[in-house]
Structure formats: C-alpha cells, structure tokens
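What follows is a single structure, written as structure tokens, with notes after it.
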Amino acid sequence: MERGRNQLLIAILLASACLIYCRQQYVTVFYGVPAWKNASIPLFCATKNRDTWGTIQCLPDNDDYQEIPLNVTEAFDAWDNTITEQAIEDVWNLFETSIKPCVKLTPLCVAMKCNISTSDTTMIRTTTPSTAKEAPISDNSPCIRTNNCSGLEEEKIVKCHFNMTGLERDKKKQYNETWYSSDVVCDNSTDQTTNETTCYMNHCNTSVITESCDKHYWDAMRFRYCAPPGFAILRCNDTKYSGFAPNCSKVVASTCTRMMETQTSTWFGFNGTRAENRTYIYWHGKDNRTIISLNKHYNLSMYCRRPGNKTVVPITLMSGQRFHSRPIINKRPRQAWCWFKGNWTEAMQEVKQTLAEHPRYKGTKNITDITFKAPERGSDPEVTYMWSNCRGEFFYCNMTWFLNWVENKPNTTKRNYAPCHIRQIINTWHKVGKNVYLPPREGELTCNSTVTSIIANIDERDNQTTNITFSADVAELYRLELGDYKLVEITPIGFAPTSQKRYSPAHGRPKRGAFVLGFLGFLTTAGVAMGTASLTLSAQSRTLLAGIVQQQQQLLDVVKRQQELLRLTVWGTKILQARVTAIEKYLKDQAQLNSWGCAFRQVCHTTVPWANESLTPDWNNMTWQEWEQKVRYLEANISQSLEEAQLQQEKNMYELQKLNNWDVFTNWFDLTSWISYIQYGVYIVVGIIVLRIVIYVVQMLSRLRKGYRPVFSSSPGYIQQIHIHKDPEQPASEETEEDVGGNGGDRSWPWQIEYIHFLIRQLIRLLTGLYNICRNLLSRIFQTLQPILQNLRDWLRPKVAFLQYGCEWIQEAFQAAARAARETLAGACRDVWGMLQRIGRGILAVPRRIRQGAELALL
C-alpha cells in the first residue's frame, strides 16, 4: 500500500513538472503555409491578337493556365473588386486609343442660318399602329436584301450656312454645311422670307471638346489578366453566387483569368464569355443595379447595317484648322438599323422567371407583372437609345418597336428590328466629357454580335409591378465578366504557438523532397487541417519558391521580347510595374525571415512567448487560412517582438564571441589586446592617484577637527627623529650661526620619508577595513539565507529520495520484465527445440518403420 502511494506521488510530481514546463507557448514561424489576403496591385494582360494595340499593350498568350480546386469558402464581390475596376479603366484606355480623339479645339459656336424642311426632318414617319400581328423579319426577308424594311427612312439632317473670318485678312467667308439635326439646336422663330431658322451646335456649352484626328476601326479584342509572381487569382465556381452573396464554397485558384471581349455598349452586352445554358443575375449588394446573363440556348444575336454610299469633305476654319463634318454629295445616307435574331420572347420570359426566384428580389412573383422598360426620356442619348459600336461607328438605336415586340404589347408597332442613327458627337462612357469623331466612312457598314447579357435596374413598385429598366452603365459588363474573380496575395509566412523553444541545431545535410512543378501547387492543401499542412511545408516552400522563380523567368522572357514595343506605352509601364511588384514581394518575405533569424527554415522556433494564451489553433480541424484571419491583427506586434528578440540574440552572440577570445592564449598577445591592457593600466594609475588625494584630504580634515596644528610640524608622536652624530674631529670654528640653539651634534632626516610610511600604513588600514566590511556583509547574507536554504534542502531531500526510489523501482521493473521475457523466451525456445527434435526423430524413423512393416508382411 505504501509503495502504491509513493508511485502515485511520483506520477503526480512528474505530471506537475511537465505541466509547468509545457504551459509556456512560444511563437513559431512557418514558411510555405497555404494562406492569402486580398490584394490591389496592377495586373498585366495577355492576348493572341496581333493588331497594333494588342502587340504594343499586352504580352503574348500561350494558353498554359491551369486551375486548382481549393476546399475552402471565400467571399467574393463583383462591385468591390480590384480586377473589375482595372478592366474598366484599361478598356477605357483601349477605347480612347483605338478610336482616338487627339485634337482639342474650341467648339464651332457661331450662329448659323439653317433651312429645316419637312422632308429633311423626317426620321421615322408616323404610322398608325396595326392590330394585325406583323411577322418578324428573318435572314430570307426581302427587305433585308433591299434595305427597305418598313419604317426605315432617311437620316434627319439640317442644311446650314454661316460666316467666319480669319482665313483671309479682313474678309468674311461663307461656309455651307450639313449637320445631323441631333447635333444642332434651333430657335422657334423662322424667317418667313427665307424660311430659315437660327441654329447653334448643341455642344457650345462645352468649353473644350476633342476631335478625332484619324479614322480607326473598333475591332473586337480578346485578352486575359494575369497576376504577377507571388500573387494568385481565385475564381468562384459556385452556381449560387450572385455577385455579392452568399460566400462561395467552390473556389479554384489560377494565375490568369479567362479570355474576355472588349465590350462598349448600353442596354445589352455583346460577345461575352460568361454565357451558360442558364439565366443568372448578378445583383449589387446595396442598390438595385443588376447585370443579367442570358441563356445561350436561345441563340440571341443582333445584326446591324448602315446601307448607302457618301463622300466626306472637311471644311477649313481659319488658318491651319480643319473641322470634319458631313457634306453630302449626290445622295443622302440611308438610316442605319439593327435586327434581332433568336428566340427573344422565351429568353425574356426566362429572365422574368429567374428574377422572381432570386433571393434578393422582394417584389411580385407573378411574371406577368414584370415588364421590360426603356429609361425615361430627357437623359443623355446613350441612355435613351441603345448605344453600341459597329466597326468604329457609334449607333444610337430606338428600341421602342423591339420592346413592344418582346412584351407583345397590344395596339403598338411590334418589330424585331430597330431604327438607328450614327452620331458624330458622343458623350464619353467612363469619364464626363464629349468627343467629336470623324463622319462615318464610305460604303456599307455591317456587324454581327451575339447578345449575352442585359444591363438593367430592378424597380419594384409597391409589390404589385416590377420594371426591368435598361441601363447605360457600361462598366457593369465587366462586373459580369470578371465578377467571379478576386486577386489575392499569397502570404506564405504564418505564426502559431507551440511549446518548442528556439535552440541552435547542428547543421546537417538537408533531405531531398519531391519537387512539385507549378506556383499554385502548395495551395492544394488550403482546405486541409493545419497539422496536416504543416507536415509538407518543406515541399510546399520549395514549390512556392520554384514557382515564383519560374513565373519571374517567364515574365522576364516575354518582356524582353516585347521591350521595344512596351517602352513608351501606359500598359507597358504597368507590366514592368507588375514584375517589380513581384520582385519586391519576394525580397520582402526573405528580408523579413532574415530579420527574425528564420532564413532558409520552413519551421522556425523562437524565444518570443505567445501573447494571447486564449487564442490557440485547432491543428486537426482548422485551416491555415482560417487561422491567419484570426491572428492577422497580431502580426505587427509579433513581427516587432521577433525583430527585438533577434537583435538581442545577435547582441548576446557578439558578447559570447568576445568571451570566446580569452580561451586562446595567442589572443592575449594581440595588438588590440595590448591596447586594452594599456588602457586598463592607465585607469589603475589614475585611480590610485585619486585615491591618494582623497585619503590625504580625509586625514587632514580629521586632524583639523582635533585642533590647530601646523601642516608641516612634527610632534614626537607623529614623526620619529633619527639622530645622526657629527664627526668629533671637525673643528669647532666651523660652527656657524645657524648651529646656535641646536642640540649640539644631532641632525634628523626630512619628514617626507616618514610621511610616505604613514601613507602606506593608512592605505593598508583602508584596504583592511574594506575587506572586513565585505566579509561581514557576505557573512550576514549567508546567515540570513542559511535557514531558507536549509528549508529548501529539507524540502528537496524527500522529493529527490522519492525520485530516486521511483527510478530504482522503474529500473527493477524493467529488470524483472527483462528477466521474465528472457525466461519465457528460453522456455519457448526449449519447447520449440524439443518439438523439432521429435519431428526429426520421426522422420529418421520412417525407413525403419517401413522395413519393420515389410518384415511383418513377409512373415
């Protein structure tokens, strides 16, 4: 019983010691953890287009991009998104570069006399709505071949003339000009004699406008965005994602986005890459803005044409200035128009049904009360009309007939095509301003586009009706194209508390690990537990570094090939900036690890205690990304503590290195050591001199306290006289006057010699006193601590005895177990050996038994 209690006490003591030792947690640095954070840096583009803009602005695309699935849940937002914002800005720059208005001039703000006739002002003749259902036109309709479909008439134009000076000195010149009526604003009064009206250009309120300096085509271009090394692009692959919420549970990682088209249009999105066999809606998180992706099953498309032929002649205004306008020669241009192919009716019904089932939608569920609606009149033409670009020309289409046809409104004109006109002065879609472009080029203009999305605002009205109002926000197109992406910065450095403390391990040969090709390979462990991911940090960190180096090399190669073309462009600067950003990130990570003393280590234990003991990771169930989100607010403090600890360790190592120099005898004779010795000697001499002065002053003060005494007097008790007798043979006549009053033949040594002996005695007395004081102080300290030390020895003696007894008991138990095992093994071996002997004798006896059996058979 007593022995069991002792064993229990030993176990409790060992457990207590382990708990005391293991309670302290230290910061451990892990390199290569699969974690990230949101980033906002310039991306670079890659394209296969070999036109001028694609060659100058982007790098060649090689289609070598893979997506790696991640078992994580991540938040995405199509509106608060770095990639979409950069795409909007870059496409705007592309738009300005391709259809470049590059000359700024003062608007033509002179009074013009214009002749507005009835025939000139006719754009769409007023027609009486027919109750009979009109068949939609198709590819085989005769009016398509003849450009003479019902309702399409000539453009609305105005003929004007005005006077200006400046071309010749002190002379006026009259100019004749033809304008689209939408570009001028006229007074209500008309001169009855000439039938002319005073008109002005409608942009005269703008102080400065920009005119196109050359005619360009706006051809479709496909390009993708790529992240620089050290960064990644995450994509939401969840069909429930609606642009804002809920969080995406199916995430994949890549280095580049999908290919996307350069789109610039209102109302509809054309040639998008997000079309699927379903209709889905991206809804803004705070207002009613939406972007609706149409089902590609319905094959929706739009075909636009500007028939006719004309000649454009510029006019010269003053010296050296030219203003391009539209004088028409021989024939006025026919009106442009667009017709819509595909099953639009069913596609729009599916849009309504999808809206009614959307979780953000709170309006009526009856799709008959959900209608498509054009924006209110009175706003910019780009809002009122559907604005698109066809081969560099800007089409403004009146969609009234089309909406009547889609909604099947009774007593209205319903057609699957829309009349359009081309404008020379347009409002910019990304920045506030106006651009003046060249007149349309000669010849017929045609373009064919696939309709993939609708830009709309959802207007709910008292839960009874809902209007899907078409919008002119061109930027929404790129929120649909790239809204399922987000840019993240890989943060391979992680912190976590462990019970391990830093030590200095022996440098051994590093073990080889399996090399995994690719930068994003280590992100495959993003969805596994922290403990499992930590076991593969060596391979992950090598994958990370190798991938960064590989990406850097690939980016450097393509930049070198394109450097002559990229030199003077804005996007070329962005690409170089992306590469510099990647290098800065890599060097920053390595410098940070080095400042913590963790360079070239995958798991680095430190001496910094973990500050928040209540915050500990769940190594079996928590991912590194979840853990990093919890401790991200501690990173600054942890980093500062690690730097301070590393500085202190370097200081300690320096001091230790200085002490190590004393164990080598030859270092004692080093020149720097001798200089130190001389310094120490000078300090000692100066100290002795100061001490002597202090002692002398103290002695003088002590003697002055006893009464006045001449400084150089010598009392019998102070200086012992040494008598010296004079030579008796010296004549008495040699005595001088100075000998009078003396003691006859006695003389004494000077007092300075005795004073030196006095100082020596005083110094010895002082040192003896200091020694006695120190000895008494140490004796008293030892006497004070002796009871405490005695109690500590008395307390430790049984504990040590218990530990010794426990160790002896464990040793005896091991010996008994070994002895029992040895005896058991010996017995088993004897039994096996006996069995083998019996089997052997039986085998050897087989011939004898056969012979005996044969003998018995013969008898």
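Using N, Cα and C of the backbone, Cβ positions are placed for all residues, glycine too.
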Fill in: Disulfide-linked residue for Cys248, taking Swiss-Prot as the record, within Cys226, Cys236
Cys236
Practice prompt. Name the cysteine that pairs with Cys447 in a disulphide bond per Swiss-Prot, restricting the answer to Cys338, Cys390, Cys598.
Written response: Cys390
Item to complete: Would you mind telling me which of 658-679, 768-789, 790-811 Swiss-Prot tags as region 'MPER'?
Response: 658-679
Discussion item. Identify the disulfide partner of Cys226 as annotated in Swiss-Prot; candidates are Cys199, Cys204, Cys256.
Written reply: Cys256
Worksheet item: In terms of Cβ proximity under 8 Å, which residues at least six beyond the ends of the coiled coil (625-646) contact it?
Response: 27, 29, 33-37, 72, 491, 494-496, 526, 530, 592, 595-597, 606-608, 611-612, 615, 617
Fill in: Neighbouring C-beta atoms (10 Å sphere around the C-beta of Asn463 (N-linked glycosylation site))
11
Discussion item. Within a 10 Å radius of its Cβ, which of these glycosylation sites (Asn188, Asn237, Asn448, Asn637) has the fewest neighbouring Cβ atoms?
Written reply: Asn188
Discussion item. Please report the three-state DSSP label of Asn637 (N-linked glycosylation site).
Written reply: helix
Practice prompt. Could you pull the average pLDDT for the topological domain 'Extracellular' (25-680)?
Written response: 76
Worksheet item: Once the chains shown are all counted, how many other Cβ atoms turn up within 10 Å of the Cβ of Asn115 (N-linked glycosylation site)?
Response: 16
Item to complete: With Asn163 (N-linked glycosylation site) as the reference Cα, tell me which of the glycosylation sites Asn237, Asn288, Asn463 is the closest one.
Response: Asn288
